[in-house]
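These features come from TrEMBL:
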- 12-309: domain 'Amidohydrolase-related' (DOMAIN)
- His14, His16, Lys102, Asp253: Zn(2+) 1 binding site (BINDING)
- His16, Phe17, Arg18, Asn42, His139, His257: substrate binding site (BINDING)
- Lys102, His139, His181: Zn(2+) 2 binding site (BINDING)
- Lys102: N6-carboxylysine (MOD_RES)
- Asp253: active site (ACT_SITE)
Amino acid sequence: MTDSVTIKKPFDSHVHFRQGAMLRAVTPLTAAKFSRAVVMPNTDPPIETVDQAAEYKKEILGAMPQGSHCEPLMTVYLTKNLTAVEIEKGAKSNVCKIYGVKSYPYGATTNSQWGYRSILEAKEVLKKMEEVGMPLLLHGEVHMNESGGEVDPYEGERLFIEDILPRLLDSYPKLKISLEHLSTAVAADFIEKHGAEGRLVATITPHHLLYAREEAESRPLLRCKPLIKSKAEREKVRLLVKKGLPFVFAGTDSAPHPESKKFSATPAFGVFSAPVAIELYTQIFDELGVLNLLENFLSINGPNFYGLPPSEETITLVKKDWQVTEPVVTDEGEKVWPIGHKEHGLGNETLRWRVR
Ligand SMILES: [Zn+2]
């Protein structure tokens, strides 16, 4: 039985740091365990220029503890204000290189109201991204049908994979694309067939590997987009991970909200996992019997896609039961509950692995 594993320091290809007091509270948690993090731009207002990204990067670096080696990789939001000129500037910038452009479906998740109705409308920007090699990071869900009606949120990812993604791949044969937080069987099949290093990759969260719709629907802490799917879908996502493909890797999508927004009648979308994400991934890989694939998934495949070397530092995880008993508290006194918490998660949950 393996009870300890040492890997290169992980790479989080998808994290939300928010702003202000929340950012100051959560950034050190990611900085402690990850070598680099791709930072999502859905702040309010969104990050849509290189200068805004540079300002945001400063705020993030200011929240990192002294001596921290975690590098934030900045992104911009695909809004109608984003231009091809800005893409060119971001690709070349020494001060604040832009590592990707995030596309959100109109109206689908926190602060996503600035997006295009259809990604296919953003022709000039996509062409320029293809030319300079800047990745497109997709929240791959259809949220509204052509007549403006809401689609079943459990069907949104499937519709995107069947309708939009093939057209994107055809129209921009060299564009680097990452399908973020893959959550369905259809997406897993598509990526297994069409995924390719440096061209089409997918990231997977710990919560989409760990939980299922049956248990998630009544738990505010597990409410997120894409929604957590059925056990059968989760099995397909786990099988994809188990294949150890070089174009599949970790992106926590850690997305904190204060207690007041999470435990309300309409809980905000987003799972806060930064304090437990690496531990949960390790637990899942252990359950699947593929701990030997953990380092590629957490620490190698992600940097490869972004053209970066893996970390030279390492972390060690040990098999040791523990529970999350406290929330993170911001300097304004707001509580932020991570998943895995023994009262607010699924009830007396035990985590099996711990970072030493
Ligand atoms: Zn996200």
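Quick reminder: no glycine exception, Cβ is built from N, Cα and C everywhere.
Whatever TrEMBL says is automated annotation, not expert-curated.
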Those binding-site residues of Arg18, Asn42, His139, His181 having Cα within 10 angstroms of Asp253 (Zn(2+) 1 binding site): His181
Rounded inter-Cα distance in Å - Asn42 (substrate binding site), His16 (Zn(2+) 1 binding site): 8
Spatial neighbours of His181 (Zn(2+) 2 binding site), counting only the binding-site residues His16, His139, His257 and Cα distances within 10 Å: His139
Distance [Cα-Cα, Å, rounded] between Arg18 (substrate binding site) and Lys102 (Zn(2+) 1 binding site): 15
Reduced DSSP assignment, His14 (Zn(2+) 1 binding site): strand
Beyond the site residues His14, His16, Lys102, Asp253: chain residues whose C-beta lies within 8 Å of the centroid, for Zn(2+) 1: Val15, Val38, Met40, Asn42, Leu137, Glu180, His181, Gly251, Ala255
Cβ packing number for His257 (substrate binding site), 10 Å threshold: 25
Sequence-ordered binding-site residues from Phe17, Arg18, Asn42, Lys102, His139, His257 with Cβ under 6 Å of an atom of ligand 1: none
Longest CA-CA distance among His16, Phe17, Arg18, Asn42, His139, His257, per record bound to substrate, angstrom: 19
Spatial neighbour of His257 (substrate binding site) that is closest, considering only the binding-site residues His14, His16, Lys102 and their CA atoms: His16
